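Report on the structure given below.
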Amino acid sequence: MTAPFTPTVAEAKAAGFQPGRRTVEVVDHRQLADAVHRLTFRDTYIAQNARPAQFVNLYAGNPLHIMPRPFGVADVDGDLVSVVFAVVGEGTREFARLRAGDHVDVLGPLGRPFRLERPSHYLLVGGGLGVPPLINAAQKLAARDDAAVTAVLGYRDVHFADEFFTQFGIGVHSIDETDGNVVTVLERLAADGMFDGGTDENGRRFEILSCGPLPMMKAVAQWAARHGFATQFSMEQRMGCGYGTCVVCTIDTAIGRLKVCSDGPVFTGTQLGWTD
Amino acid sequence: MNNQYDATVDELEHAADDAGTTLYGDHEWKHPTVVAGVPWKNPVGTASGTFQLAACRHFYDVSQMGAITTKGVSPVPWDGNPGVRTAESPAGTVNAVGLQNPGVDHYLVDELPKLKELGATVVTNVAGHSDDDYADVVAKLADSPADMLEINVSCPNVSAGGMAVGTDPVALSRCIGRLRKLTDKPMIVKLSPNVTDIAAIARAAAEAGADALSLINTLVGMRIDIRTGEPIIGNVTGGVSGPAIFPIGLACVWKVRQALPDIPLIGIGGIDSGEKALEYLYAGANAVEVGGAALVDPTAPLRVALELEELLDARPELAEKLAKGDTWR
């Protein structure tokens, strides 16, 4: 069923606009862990344009739940786009019911992505549901000759996303709560001499891209500051529209009260005031 | 699933008919309206608080709207409310932004000239914590290229001004009377539904010099987190918008039109389709604005305008009245 007015993605692009909300087909749904789901849908525009840390709005097909839920783009395969989410309330429960062949409304990609211009050795540091949005960064960075990438991942229990990083040939160091957290892993890697001299064996400076719970990211920021590594964090906040209009998802940063959806979700540790 | 919150069978059939419509061609709008002497190229505008140029201009040509109503503009930059600002509610949402905005001086050199350069008809929403605040902003806008001013005396989420002014006929009359002396621009007063008798408030605004009325602003509401027992929103209460408030806004427009046959009215509240816009026009509105629907689809305001145009094609008598600045009732 198409909406009463739905410009096609091609029409929007031809006129120089971003496509608005549209209906796409669900092609796969997998449960990765208790209450953690991976949903895959077909959308060429998002697949071609989503950059690491950008997110998509998904809209439940229930008129009582009108507001979108934002999910970071996890991985992209051809024209297929996957997101990973946990069921935390009635809205996300709607998405957990979707199956291959169903349809869902989407908008995106949205938000400002990680900056990956520098030829660094990127440390992807993720925790819990902050891990999947780093998959797209791993995917893009693994394809580059001028950058290196290592993943440091923390989970509550099931290491549900490791395989999505290893498929790109990336080194993955993961941990769960029985053993510690991502900073435990970073300290171990430091003790092994990985960060000696501030560069890797090819002379690449280390740089951190992180997404996860707020206390984790703050701890990562402090660890990075001790080592002098640049940091970028993908923030989460309760959102409304997701595209910069409603101004409900603000956070207070060192450079002012900013919107997570369109000023972010990526901010540097310096912008967040976490590096002092 | 479709784009509508609550599509009826009729709407879904209408949907199939419209599949080929495009937002992006050169559209010749057939059914203009007039609000307080200002021509709108179609009867659909954006509602204050749900349009931000930097965000929306990526999705559609903003000059195609009947009018663009800006977010509230205050005399100095406002930081808005701290803490959580939004919570979903059944068929709607509760928001308490607190009119965060960079202030009138910034607006005059940034958003307003950009909107005019793009060719938009601009309604500037004026916010304040006091009569002095409103007067400061209106005075600064008096010589600006804004086409109309909308006085926001109905925001439920600021500690002073806003709804405190717009729910008291005496305070409202004093405020609007003072602003009337400061500008010749068409002045719209935006009304709150959080009153016992909206017609009495409407009359006070009209008698104090309002050229038009827009209604409704949001309804006061809240949500509580049952895990903590505490309010979800930092401001405790917020304003409810979305499809849930559609029949309330419609009834308010009806009541005010019955009480005041001549003043131009802009109907707002839960409009997410051409059909719902049309109900407001039949209730006596000269124009409508799309608010909450824009938060769930950036292109919703233009979609509503296109749908309404088709509905007006089939209703030449109504279209003719609107084009002359008249209303159905």
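Note: Cβ is positioned from N, Cα and C throughout, glycine not excepted.
Going by TrEMBL, these are the annotated features:
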ACT_SITE  B:Cys155  active site, nucleophile
BINDING   B:Ser48, B:Lys71, B:Gly72, B:Asn125, B:Asn152, B:Lys190, B:Ile216, B:Gly242, B:Gly269, B:Gly270  FMN binding site
BINDING   B:Lys71, B:Asn95, B:Ala96, B:Val97, B:Gly98, B:Leu99, B:Asn152, B:Asn217, B:Thr218  substrate binding site
DOMAIN    B:34-312  domain 'Dihydroorotate dehydrogenase catalytic'
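Mapped onto this structure are the features recorded in TrEMBL.
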residue: B:Ser48; record: FMN binding site; Cβ neighbours (10 Å): 28
residue: B:Lys71; record: substrate binding site; Cβ neighbours (10 Å): 25
residue: B:Gly72; record: FMN binding site; Cβ neighbours (10 Å): 26
residue: B:Ala96; record: substrate binding site; Cβ neighbours (10 Å): 28
residue: B:Gly98; record: substrate binding site; Cβ neighbours (10 Å): 23
residue: B:Asn152; record: FMN binding site; Cβ neighbours (10 Å): 32
residue: B:Cys155; record: active site, nucleophile; Cβ neighbours (10 Å): 27
residue: B:Ile216; record: FMN binding site; Cβ neighbours (10 Å): 27
residue: B:Thr218; record: substrate binding site; Cβ neighbours (10 Å): 31
residue: B:Gly269; record: FMN binding site; Cβ neighbours (10 Å): 31
Nearest of the recorded positions (B:Ser48, B:Asn152, B:Cys155, B:Ile216, B:Gly269) to B:Lys71 (substrate binding site), judged by Cα-Cα distance | B:Ser48
Rounded Cα separation (Å) that holds between the residue listed as 'active site, nucleophile' and B:Gly269 (FMN binding site) | 14
If you measure C-alpha to C-alpha, which of B:Ala96, B:Gly98, B:Thr218 (binding-site residues) come within 10 angstroms of B:Gly269 (FMN binding site)?
-> B:Thr218
Whole-number Å value for how far B:Ile216 (FMN binding site) lies from B:Ala96 (substrate binding site) (Cα to Cα) = 16
If you measure B:Ser48 (FMN binding site) to B:Gly98 (substrate binding site) at Cα, how many Å is it?
-> 13
Check the domain 'Dihydroorotate dehydrogenase catalytic' (B:34-312) for me and report the mean pLDDT.
-> 96
Cα-to-Cα gap, B:Asn152 (FMN binding site) vs B:Thr218 (substrate binding site), nearest whole Å = 11
